[in-house]
Amino acid sequence: MAKQRLVIIGNGMAPGRMLEHLFEENHAAFDVTIFNAEPRVNYDRIMLSPVLSGEKSFEDIIIHDDAWYAQHNITLHKGAKVAKIDRTAKTVTSENGITAPYDKLVIATGSDPFIIPCPGHDLDGVLPYRDLDDTDAMTAAAKQGGNAVVIGGGLLGLEAAAGLNTLGMDVTVLHLMPTLMERQLDSAAGYLLEKELESRGIDIRCKSNTKQIIGEDGQVTGVELEDGTLIKCDIVVMAVGIRPNVALAKDTGLEVNRGIVTTNGMQTSDANIYSIGECAEVGGMVYGLVAPLYQMAAVAAKHLCGPTDALFQHSETPTKLKVTGCDLYSVGDFAEGDDREDIVLRDANMGTYKRVIIQDNKVIGAVLYGAVEDGGWYNEMLKSGEDISDMRDTLIFGQAYQGGGELDPLAMVAGMSDDAEICGCNGITKGMITSKITSMGLTSLADVRAHTKASASCGSCTGLVENVMAITLGDAFKLPEVEGMCGCTPHDHGTVRRLIKSQGLKSIPAVMQELEWNTPEGCSKCRPALNYYLVADWPGEYQDDQQSRFINERVHANIQKDGTYSVVPRMFGGLTTPDELRAIADVADKFEIPTVKVTGGQRIDLLGVKKDDLIPVWDDLNKAGMISGAAYAKGLRTVKTCVGTDWCRFGTQDSTGLGVRLEKLLWGSWSPAKLKLAVSGCPRNCAESTCKDIGIICVDSGYEIHYGGAAGLHIQGTTKLGNVETEEEVLEYCAAMTQYYRETGYYLERIYKWADRLGYDHIKSVIYDDPVARKDYYERFLHSQKFAQVDPWAERVKGAEAHEFTPMADLTPREAAE
Amino acid sequence: MNIQNTQWVTIGALNDIPRQGARRVIAGPKTIAIFRTTQDEVYALEDKCPFKDGPLSEGIVHGKTVSCPITNWVISLETGAAQGADQGQTQVFPIKLEGQTIQLGL
């Protein structure tokens, strides 16, 4: 049988999901052509809010990349908006002139943001919040700082407001109704949400009716309310709702009501045309949340493949708000009524609120704020219509309190019925997961995600899915390697760094509280990492926590295996003087330091210094003009040099002088791991620049900047960043790169690993190709250095942290005089 | 077996030790590490990790444990026992805290 031609208008989440089902049912049945008005592949629109707040990148939320379309032989026309459907000729034509014939057509045009047609709605700076372009526009606007007004206090509006607030804008939310998210929350939960958002500095104004948007020279400058209040702003985000995008279907003569009218099999009034997604109206309802849209996709796929009795069925979809730190969950019907009973539990200290709505001894709705773990359980009871009279007294406390003692999560999952929904986004039940695990022999979470879609959208059910795997596989199931920084948190380093910035967390206890550390005080793995991240992210604001530093960084010397220390004074660029050398020799004699050694970093190491002697040793070295060489630090160590033009007949530039300048610029800075530089005066490379974290090679025309070398456990040559002409440029590029590394590196990750992770092309595009970004990083580095370039030895000689260096008491009995 | 009475010696004040920190007390050939937790509890262990003799007073204190600076073994401040899969024991000394004053039992 010849392949049928399937044309899809729209490339959002619903048609993407439909194709997956289609290929699963019958891979060879269709030649697929997609027209996408957006110039890109299919991505997870639910996750735009984390992209806005900076918690995720666009790459993180792509569902199908270009390779996927190629693999399935799909013709994808990006940026091609369909202008016309010819139902007689059975063709589709786009605005840019592409025509494609179809046997079956799927309309998935989604919805358009609703723009209030008030005066000024067409000014520059009035943005909807719908797709990646809108998100990008908001991010760009937020870079300028200033004020933002968000019109609409619903799900999308609040996510936009929280995102803009995180990006540093002053945000005002205007909401027509008396409480926020009134469609999903009752007034009590709405109040708690309002309080939480206000505590973050978002100005919430309920019962506010916009009269007009005011502008100057075509650009937004403010919003005027009906009561005459004027709010100044630089952007206005309209998030008052969406409207099914039905224009094309209407022009084509299909039956259209609020949405494109379809049967429960997703068929429109034309038997060859289907419609799914936010544009479709089924059973008199249009939908905006992902779970019913995915159900439409599954049903449509079945019908396209042949006769089937699969039908779309309405079900209540729970709502969650994707704002980090605001946990809320609502499902079902929560209007008050005479025939309904409420069970409510509030905890003012914890800021939590739980309300379950009961009718005829059955759960018909639930609203949870602050404590949402039991949302899924209430939703399951709502769906099953279970009689709850027996557990009425304890219902509100949640599932863990039913049937006596606390239920462990595995037993809880084991007790779920096969119909119980595990993944709300994708409508995946426990039975669907267990049957795939068994039939396909799946053992990893990644495989289960790939084959069932469970936990593949918002990811909040990952723990449940793992428990289902544990029960199904028994001993064969191994929890995935903990990806967290350490056993204290499931968050990885990248997530923790992003959240420290995006939530403005400025102390170790704040990080542990807000990111829900599962140990009270962390451990020796996470505390030094957090301390570094806070030092790097909040220069001048964060008070370095000495107790979270390893001993070497606390006492500014290297502990040796016998408990003594080594002391290394700084020699900028490897240069020293007879006076410095004399002072070092005197110190070695005076304190009976057993070993004096020249290091690989061109300086001198005094080994075997007793702890109690550290301060006097430093005092003597300080007096001779020397400071700490930071040979113990996750920070700038040395800049190694060769002698360059001053002495060497091959030298092309003053490599020693440049090395001194670099070290004077960079010393004192903390970084994720140690940082070693070198400057070689010619390509013979006597300073070994090509195995350093950052290495400079002088050439006739200027300087080559290299980075990402390693010569430790791992050996790797550097990669060239590019050429520059002046010493000033070398300083700026190196400092900018160091700052980029400081801001994005994971604790203990050397530059070569960091560069492998981020990609050398990417780093080049930021530090070498983009002068604005480079300047930004350079400026931030200089700012941070204002607080970092303090000699820790001198501070301690003056008495800082004195407790580190002397015993608390000496109880050794005095020997009696003979 | 010798039965000895514990001899209590005043070694200093609570505020001599930083929270989540430690100080050393020299007692003849032995060094004793005195720890202070976030909750202002005080514990004393011989300043010697049971694995490679690392000075525990230099470790990072978290909860009622300390991580050895040399090997990262985690030692309980209450019992002196190595935590997790590691096996080992460090000597524990009794502490009396009266107001600000710390007394060490030898």
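Cβ from N, Cα, C; glycine included.
Caution: TrEMBL annotation is automatic and unverified by curators.
Copied from TrEMBL, the annotated features are:
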- A:5-286: domain 'FAD/NAD(P)-binding' (DOMAIN)
- A:319-385: domain 'NADH-rubredoxin oxidoreductase C-terminal' (DOMAIN)
- A:422-470: domain 'BFD-like [2Fe-2S]-binding' (DOMAIN)
- A:485-534: domain 'BFD-like [2Fe-2S]-binding' (DOMAIN)
- A:560-623: domain 'Nitrite/Sulfite reductase ferredoxin-like' (DOMAIN)
- A:633-769: domain 'Nitrite/sulphite reductase 4Fe-4S' (DOMAIN)
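The largest share of C-beta pairs under 8 angstroms with the domain 'BFD-like [2Fe-2S]-binding' (A:485-534) comes from A:633-769, of the ranges A:5-286, A:319-385, A:422-470, A:560-623, A:633-769. Most Cβ pairs under 8 Å to the domain 'BFD-like [2Fe-2S]-binding' (A:422-470), among the stretches A:319-385, A:560-623, A:633-769, belong to A:319-385. In the predicted model, residues of the domain 'Nitrite/Sulfite reductase ferredoxin-like' (A:560-623) average a pLDDT of 94. Secondary structure of the domain 'Nitrite/sulphite reductase 4Fe-4S' (A:633-769) per DSSP (helix as H, G, I; strand as E, B; remaining residues coil): 52 helix, 36 strand, 49 coil.
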